[in-house]
Amino acid sequence: MHLLWRLLVLLLGLLALPSALPKQPWPGLTKAHKDGRSTLARIIAQGLLKLNAEGRIQSMRLLDRLNVSGTVAPGMVGWLIGGMNFQQQQEISINITNVQLDCGGIQMAFPKEWFSANITLEFDIEFKLPFNSNIIKTHACMGLTAESWLEKDEFGRRELVMGRCRMEPSSGGASMSTEETSPKMKHFLHNLRESLGKVIPNLVESQVCPLIGEILRQLDVKLLKGLVGACS
């Protein structure tokens with residue numbers, strides 16, 4: 001009788017066991033979902049840092065690009081340097097400083113194994129003009145999207161395909177803000193900002209997009225598949 005009672009207690013304990021388990025078995029999957037995205041974003045961010053993406057952007061020669069025909073407001077550069085001697089022309093400078101670049105997140109789509117890296121970029125632009133003793137500063141905030149996916153070849157092997165890599169339509173000059181300047185400079189700076197808004201996105205794309213492709217191609221396809229699959 002004592003043995004039968006012990007078996008009955010054990011049976012009741014086993015029947016009660018499922019109720020003690022978590023009702024939702026997804027916490028682990030949720031963690032993997034977050035980890036897959038964050039790991040890939042971290043790999044891209046660290047890769048951009050290692051490949052000196054910020055330094056490349058900071059060294060872009062904006063003034064040279066503005067002097068290329070068709071990239072500036074009509075007559076702007078001519079108006080700027082037309083009444084200057086050679087020494088004054090040499091004093092003109094447009095420099096990028098305080099570059100901050102990061103991978104802000106990863107978007108994914110299934111079952112196509114497609115993912116998109118969202119790159120955030122901020123920097124200051126400093127203007128030094130011979131007829132103005134102060135350094136004029138503007139601030140730019142931009143976003144760049146780089147698309148990629150894994151595609152099977154005729155033998156069923158996956159390979160990385162790089163898609164579009166471009167600045168977001170709302171990026172560029174639209175997000176620039178200028179510090180207070182004299183009325184004499186406002187019209188010139190307005191035209192200059194518009195011109196930079198046309199020039200900078202292409203320059204940034206030419207510097208950052210090849211680096212993202214280089215970073216992703218260095219990853220083992222199985223590792224990349226695992227990161228993407230962790231979020232499915």
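Start at 1 and count along the chain as shown; that gives each residue its number.
Keep in mind that glycine also has a Cβ here, set from the backbone N, Cα and C atoms.
In Swiss-Prot, Cys165 is paired through a disulphide bond with Cys209, chosen from Cys103, Cys209. Residue density at Asn95 (N-linked glycosylation site): 16 other Cβ atoms are found within 10 A of its Cβ, drawing on all protein chains shown. Put simply, of the recorded positions Asn118, Cys165, Cys209, the one whose Cα is nearest the Cα of Asn95 (N-linked glycosylation site) is Cys209.
Using a 10 Å Cβ-Cβ cutoff, Cys165 (disulfide bond) registers 20 neighbours.
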